[in-house]
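**Q** Quick one: structure below, then a few questions.
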Amino acid sequence: MTTPPVSDTQRRLVMLCAVLGIVLGGLDGAIANIALPTIAHDLQCSETLTVWVVNVYHLAVAVSLLPAAALADSLGLKRVYGFGMALFTAASLACALSGSLGALIGARVVQGLGAACMAALSGALVRSVYPRAMLHQAFAIIALAVAISAAIGPTLAAAVLAVASWPWLFLINVPIGVMAVVLFLRVAPSSPRAPLSFDGAGALLNVGALGLGILGVDALGQKETGLAVLEIGAGILCTLLLYRQQKKLKAPMLPLDLLAIPLFSLSILTSICAYAAQILAYVALPFLFQTVMHLSAVTTGLLVTPWPVLVAVAAPFAGRLATRHPASVLSSVGLAILATGLAALSLMPTQPAFWDVGWRMALCGIGFGFYQTPNNLTVMTSGPATRSGAASGMMAVARTLGWALGSALVALVFALSQGSSGAVHCLELATAFALLGAVLSVSRRVVRSEVGR
């Protein structure tokens, strides 16, 4: 909704703040991986413990998405998003100044809480300032921001570490974050409060359901079967208790009212499949290029580039088509193209020409761009505008669950594979997820006729 009226300049500046939030939060989920050996050496701790610098950030983001969306529905979108951006910026400074592993891990938890506020509410923020006729353009930009943040993190981290120490990976967030917070508070329209109290019990059960579930899937990937069964079982129990508790609430934190809409729930499932396919490929491809094909890290970065570049080209085009054609069809076509590109990558010869890699990566980028914008538009518009915060939170949860599932499956596939075949098997599995997403997407035509799209 756009009351009071929002000027074009104000709309663009709010979009800039949303993009900065997505990119900063997304990059910090990826850049620390590259620095882990350096951090372990500087802080004099084992690499096994240092991995938690990455893990706690992802866990904090995952378990905080739905509570952040619920807070926005109750306290107002502007307050919660602005608080999250400020918290992320302050925590980035704390990360850079950390003198011990414990301090760094604690700061990363706080940083993840701030990132969750931005990730959960970016879609709702965009919907609050863009009229329905322009939403396809807005979500094309959001899709581009997500693609860029996922793709360039390792390359950016390597560039920073080539000229500076690891704290600079976090310090670069501070001036950008401060400027973004000041700009956001000046240009974002005021958002009303709702007479709702925060659901603390639901938030705790949500932490157990998502946190234990993600840890369990990760343990399964590490072949720790006993621990995986225990954590996944506890996560399922928390999920059942959460569902039972949320059914009694008028405005549940877990948006059961939205999930009861077939168009919404199928779009969320489509997102989970698409992001699982994406992360399976993103993690497997560097191993394929460097371990199997013996290419350099720089060459690997260049070969991966066509994917995000073609997402940038395809996403706005798909957004324009979404005003005239069903989103279910566009997303299904996109995921079918993505599956074709992934299958072609899995069948690639061991010494391909660069152009032979490039057209396969381009197919993946075009397909993902065609899927993402129409699907996100459906997620954000299939429910009432008053539930935009919850819809945006679920969109971020789907992305996080897809990435977590894909990452765990990469570890499991590599553990079960012999020799250098793990990367190829990951691409085959990614193809299957993309095809499943295409089937789920096109099934939306059965449950609802998407007139006008």
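Just so you know, glycine gets a Cβ as well, placed from its N, Cα and C.
Okay, these came from TrEMBL:
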| type | residues | note |
| --- | --- | --- |
| DOMAIN | 14-449 | domain 'Major facilitator superfamily (MFS) profile' |
| TRANSMEM | 56-73 | transmembrane segment |
| TRANSMEM | 80-99 | transmembrane segment |
| TRANSMEM | 105-126 | transmembrane segment |
| TRANSMEM | 138-162 | transmembrane segment |
| TRANSMEM | 200-220 | transmembrane segment |
| TRANSMEM | 226-243 | transmembrane segment |
| TRANSMEM | 263-289 | transmembrane segment |
| TRANSMEM | 295-315 | transmembrane segment |
| TRANSMEM | 327-347 | transmembrane segment |
| TRANSMEM | 353-371 | transmembrane segment |
| TRANSMEM | 396-416 | transmembrane segment |
| TRANSMEM | 422-443 | transmembrane segment |
**Q** Name the range, of those listed as 138-162, 226-243, 295-315, 353-371, 422-443, that has the largest tally of Cβ pairs under 8 Å with the transmembrane segment (327-347).
**A** 353-371
**Q** What same-chain residues lie close to the transmembrane segment (56-73): Cβ under 8 Å, and 6 or more beyond its ends?
**A** 25, 28-29, 32, 79-81, 84, 105, 108-113, 115-117, 119-121, 124, 191, 194, 196, 198-199, 202-203, 206-207, 210-211, 214-215, 251, 253-254, 387, 389-390, 392-394, 396-397, 400-401, 404
**Q** Quickly jot the same-chain residues contacting the transmembrane segment (295-315) by Cβ under 8 Å, restricted to those at least six beyond its ends, or write none.
**A** 140, 143-144, 147-148, 150-152, 154-155, 158, 282, 285-286, 289, 334, 354, 357-358, 361-362, 364-370, 372-373
**Q** Do any residues of this chain, six or more beyond the ends of the transmembrane segment (396-416), have a C-beta under 8 angstroms from a C-beta of it, and if so which?
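**A** For the transmembrane segment (396-416), the far contacts come to 58, 61-62, 65-66, 116, 119-120, 122-123, 146, 210, 214, 217-218, 220-223, 268-269, 271-280, 283-284, 287, 379, 422, 425-426, 429-430, 433.
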**Q** Can you work out whether the transmembrane segment (138-162) touches the transmembrane segment (226-243), with the criterion being 3+ CB pairs under 8 Å where the paired residues are 6 or more apart along the chain?
**A** no
